[in-house]
Amino acid sequence: MRSSLAPGVWFLRAFSRDSWFRGFILLLTFLIYACYHMSRKPISIVKSRLHQNCSEMVRPVNDTHDLNDTTWCSWSPFDKDDYKELLGAVDNAFLVAYAIGMFISGIFGERLPLRYYLSAGMVLSGLFTSLFGLGYFWNIHMLWYFVLIQICNGLVQTTGWPSVVTCVGNWFGKGKRGFIMGIWNSHTSVGNILGSLIAGVWVNQHWGLSFIVPGIITAIMGVITFLFLIEYPEDVDCTPPRHHDDPEKEQDNPEDPVNSPYSSRESNVDIAASSSKEQGPEPEAISFLGALRIPGVIEFSLCLLFAKLVSYTFLYWLPLYIFNVAHFSAKEAGDLSTLFDVGGIIGGIMAGLISDYTNSRATTCCIMLILAAPMMFLYNYIGQNGITSSIVMLIICGVLVNGPYALITTAVSADLGTHESLKGNAKALSTVTAIIDGTGSIGAALGPLLAGLISPTGWNNVFYMLISADVLACLLLCRLVYKEILAWKTACGRSSGYKQI
């Protein structure tokens, strides 16, 4: 007697070949960018180890420091009173290089094979991350060494984001893009969490390993990328998606930001892409100015500048804030800071779902930004009153701060990079993504720098700066929110008209 089909085999057959390949690409690019973020996180965990109060620690027998020196166990040159400014300079070296490199990276990403470009970037990123940690074992105490390594790492890390967004955009159409990319974008928070946990293992003993281990993992992932990344569905005989609906159904002006893909009604069917692999002449890569003329690019880019300023200030300074204000150990502060990233995962998925359901990317971002401002104020004043309040407030702040950031860098970037005004030229995706994330990276560089300069005057002032940036991010979306509200009224009017008929 023959048995019935095994449940596992039944499950495998339930999905088409195209679905399996799409799932594989989604998972692979998820792991790729998680590694990028994992390699960025250790510096925020190790900061509290580079400069610490050593007054209660037992001095080694051969110590030559002055008996009144309370920073004898800190790592020179970060053992002086200006350590916050020096740590801010190290952060900013990476972030400024990243911001500058991002504008160039998108141009290269449109013109070079993504597999080579991405895998080379990951291997180099792993190398420079490890070199930072080797400064501990090589007993390097020169500021220029750490700054130079951060600059090089910032430049090579720009290979990541435009490449993975372009690759995912090649495989997935517009249908449920916000939800899919909301889940996928959790790689940012997953990478931050992994980076925090891995760095926390060695931060109190050999902090150099906090960089070397993530660096090695990132380099290995670069080799895996070279072996397995598939740029286009056509490369493995899969069906390419379409990015737009039937033109006859588009009754409104496609140049209107309300009717652009980030705010249009998304169908459940995969839509999409004319890719460069299709038959016929290959479309030219879009110019920088051409990408800026796409409706919505400038507004969302400037909004992301301030949203990313807030997010990256938390990324780089939250563990030190918890260490100084709540008086946890370096490892406990690093572990607790991961809750902000847990909230970021939830926020990214929520923002994607809500924007898909309401067809309103800008309004979703604006509402979350409005709610984030009072939550940051409350976290600063009551978040450290107990472990329970700290956990709850960190998760809520993570949801509201990282939700808009996640939505803009994923679904919005993909929507604008395949805008109707491009007339089927999907080669704009990497450039648009680079412009949006590059502009955001300027804010990412400014945030930690300002935090380093302002924190000596008190942490309250740092939070006032973050709240101000959050409000500015919201204001920059007002025009698009107004357009989306008009679109809702029009849609409701049509719906009422149909019911009367």
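Just so it is clear, glycine is given a Cβ too, placed from its N, Cα and C backbone atoms.
Sequence annotations record features per position, and here Swiss-Prot assigns compositional bias 'Basic and acidic residues' to 240-252.
If you look up Swiss-Prot, you'll see Asn53 (among others) marked as N-linked glycosylation site, on the strength of sequence analysis.
The feature N-linked glycosylation site is assigned by Swiss-Prot to Asn62 (among others).
Among the features that Swiss-Prot reports, N-linked glycosylation site is placed at Asn68 (among others).
According to Swiss-Prot, the region 'Disordered' annotation covers 240-266.
With a threshold of 8 Å between CB atoms, the same-chain residues lying at least 6 positions outside the transmembrane segment (19-39) that come near it are 118, 122, 125-126, 129, 153, 157, 160-161, 164, 167-168, 171-172, 180, 184, 186-188, 190-192, 194-195, 198, 211, 214-215, 217-218, 221, 224-225, 228-230, 233, 236, 238. If you look up Swiss-Prot, you'll see 19-39 (among others) marked as transmembrane segment.
Summarising the annotation, Swiss-Prot assigns transmembrane segment to 88-108 (among others) and lists sequence analysis as the type of evidence. Residues of the same chain lying 6 or more positions beyond the ends of the transmembrane segment (88-108) and with a Cβ under 8 Å from any Cβ of it are 40, 43, 117, 143, 146-148, 150-155, 157-159, 161-162, 285, 288, 312, 316, 430-435, 437-438, 441-442, 444-445, 448-449, 451-453.
Summarising the annotation, Swiss-Prot assigns transmembrane segment to 118-140 (among others) and lists sequence analysis as the type of evidence.
Beyond its flanks by at least six residues, the transmembrane segment (142-164) meets 29, 32-33, 36, 39-40, 77, 86, 89-91, 93-98, 100-102, 104-106, 109, 114, 117-118, 120-122, 124-125, 128-129, 131-132, 135, 409, 430-431, 433-434, 437 of its own chain at Cβ-Cβ distances under 8 Å. What Swiss-Prot records for 142-164 (among others) is transmembrane segment, and it gives sequence analysis as the kind of evidence.
Look at Swiss-Prot and you will find 179-199 (among others) tagged as transmembrane segment, backed by sequence analysis.
Here Swiss-Prot flags 210-230 (among others) as transmembrane segment, drawing on sequence analysis.
For 303-323 (among others), the entry in Swiss-Prot reads transmembrane segment, with the evidence type sequence analysis.
The transmembrane segment feature in Swiss-Prot is assigned to 334-354 (among others).
Marked as transmembrane segment by Swiss-Prot on the basis of sequence analysis: 362-382 (among others).
Swiss-Prot lists 391-411 (among others) with the feature transmembrane segment. Note on the transmembrane segment (391-411): residues 161, 165, 177-178, 181-182, 184-186, 188-189, 262, 300, 303-304, 307-308, 310-311, 314, 336-337, 339-344, 346-348, 350-352, 355, 361, 364-366, 368-369, 371-372, 375-376, 378-379, 382-383, 433, 436-437, 440, 470, 473 of its chain, located 6 or more positions outside it, place their CB under 8 angstroms from a CB of the stretch.
The annotation transmembrane segment is assigned in Swiss-Prot to 434-454 (among others). Listed as Cβ neighbours of the transmembrane segment (434-454) (distance under 8 Å, sequence separation of 6 or more from its ends, same chain) are residues 84-85, 87-89, 91-92, 95-96, 98-99, 102-107, 109, 158, 161-162, 288, 291-292, 297, 300-302, 304-313, 315-317, 405, 408-409, 412-413, 416, 461-462, 465-466, 469.
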Task = Would you kindly check 118-140, 179-199, 210-230, 303-323, 362-382 and say which stretch has the most C-beta pairs under 8 angstroms to the transmembrane segment (462-482)?
result = 362-382
Ask   = the transmembrane segment (362-382) and the transmembrane segment (303-323): do they have three or more Cβ pairs under 8 Å, with pairs 6 or more apart in sequence?
value = yes
Key: Result, the transmembrane segment (179-199) in contact with the transmembrane segment (334-354) (3+ CB pairs under 8 Å)   = yes
